[in-house]
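Novice: I have a structure I would like to understand better, so I am pasting it below and will then ask my questions one at a time.
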């Protein structure tokens, strides 16, 4: 298991999380987490979010009720100084709190996909999809097409434009582990195997979603949760997730 023991630089650098700008990461993360809590995505301190701004990464902490989170709860690290993943160096650490075990997974999105934001939810719809897939022919891939909301997703890393209505959205599934940080290597493997994906489902656990900006990550996370809900209802009605709808000439 990867150690999450943080190394704190001498000065706590509280100035990094103090800003009147509503779009500053230290203000945005608590706002987003409160919204996600109301959606049922981050119940009981589960889940989280992280934003990268230039070389600085802002992270929600572990163990804080998401609807009560404040800027002073936010961790900050410099992505260029993380030479040893087993010993992260934080520029700013809130007192009496612990870094999230999601941190190495968020870092994977930033370093391997140049993401600007990564969101982790425990959405019941994400969990249900992974359960439904346990009895599917392909247990490690969620696929759906011919649904309008698919247009919210980009075509893939380094590619321009978004998916179309008739395209197939594919989200890989990895198995859960007893400790969240131990998911990192499996998440990274999924990123390598499926370079066009913007999300990875974790069996009986939740989903990680990222994007090049906060706007894109949030849009894709909301759209994916909508598609998960649609897919669960489709399964109840005996409707296939993949269909052969002919384009209108």
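Glycine residues also receive a Cβ, built from the backbone N, Cα and C atoms like all the rest.
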Novice: Select one of 38, 179, 205: the residue that Swiss-Prot places in the Zn(2+) site alongside 120, 122.
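Specialist: The one candidate that Swiss-Prot places in that Zn(2+) site: 205.
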Novice: Give the three-state DSSP assignment (helix, strand or coil) for residue 205 (Zn(2+) binding site).
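Specialist: Assignment for residue 205 (Zn(2+) binding site) reads coil.
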Novice: Within 10 Å of the Cβ of residue 205 (Zn(2+) binding site), how many other Cβ atoms can be counted across all chains shown?
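Specialist: For residue 205 (Zn(2+) binding site), the 10 Å Cβ neighbour count is 20.
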Novice: Starting from the Cα of residue 102 (substrate binding site), work out which of the recorded positions (120, 122, 148, 205) are within 10 Å.
Specialist: 120
